[in-house]
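See structure below.
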Amino acid sequence: MIRLENVSYCYPDGTPALTNINLTIRKGEYLGIIGRNGSGKSTLALHLNGLRRPQKGKVIVKGIDAGDFSKLQEVRKIVGIVFQNPETQFIGRTVEEDLAFGPENLCLPPTEIRKRVDRALAEIKLEKYRHHSPKSLSGGQGQCVALAGVLTMEPECLVFDEVTSMLDPDSGETVLRRIKKLHEKGKTIVYTTHNLEELHVADRILVMDRGRIVLEGEPENVLSDPSLKDLGLTPPSLIELAEQLKKHEIEISWENTSSPSSFAEELCRLFLKT
């Protein structure tokens with residue numbers, strides 16, 4: 001669906017942000033991208049819908065060159081992006097006005113705009129906030145409004161750039177559940193974060209460091225890789241605990257490291273068995 005070919009990009013001071021990135025994002029997959037601050041993951045995310053253009057190489061979105069300025073509108077119909085701070089995306093005085101902004105720019109008829117707004121409000125469970133100011137909502141609710149706004153454009157791929165980093169744990173969980181449901185309905189998801197705890201549900205994970213992809217694979221392999229600490233990343237606590245238990249011949253299955261409750265249930269089952 002999206003292909004990056006030898007993509008390189010430098011900051012204005014000449015510091016490399018991306019160096020020779022080659023990557024294929026498959027339709028319908030959930031791709032997690034992790035790395036410490038300054039690793040290049042956000043810069044990579046911005047290249048996926050043309051908000052950044054490569055200084056070398058190409059980004060191809062369903063056969064369209066995302067670096068071609070004349071094709072940007074087509075690219076952004078396919079790939080939508082939600083940022084860390086939702087307020088940067090708010091335009092309207094009310095939630096429904098904000099959601100209508102994108103479809104209006106596509107010059108869609110009013111009946112189609114109304115359908116898309118209503119559908120997005122229902123999808124993200126925001127109907128009761130329809131007439132509220134988006135800026136009056138909590139951080140988690142605001143992030144859901146930003147997500148709903150992108151959904152009105154009906155993109156095939158959704159890019160989430162550190163969307164839970166400014167949220168409390170409960171709000172972050174709400175947003176992650178919404179994203180998971182969208183993936184289950186067929187959306188392609190690209191999710192950047194420095195919090196490895198959030199990527200258990202991904203199909204594939206990339207680890208970035210200093211503008212390069214240094215590790216890639218399925219979550220089970222990447223999240224337990226001993227090199228993560230050398231890259232400034234903290235492995236998920238339950239996976240670390242499972243690794244410690246393994247040394248004592250207590251095997252916790254990968255599926256049961258996804259949440260404290262499932263981990264505890266598996267541990268109890270193993271002890272009762274003995």
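Every residue, even glycine, has its Cβ placed from backbone N, Cα and C.
Residues annotated as domain 'ABC transporter' in Swiss-Prot: 2-235.
Listed in sequence order, R210 are the same-chain residues at least 6 apart in sequence whose CB falls under 8 Å from the CB of G38 (ATP binding site). According to Swiss-Prot, the feature ATP binding site maps to G35, R36, N37, G38, S39, G40, K41, S42.
Here the binding-site residues are N37, S42; the one with the fewest Cβ atoms within 10 Å of its Cβ is N37. Listed binding-site residues: R36, K41; maximum Cβ neighbour count within 10 Å falls on K41. Most buried of the binding-site residues G35, G40, judged by other Cβ atoms within 10 Å, is G35.
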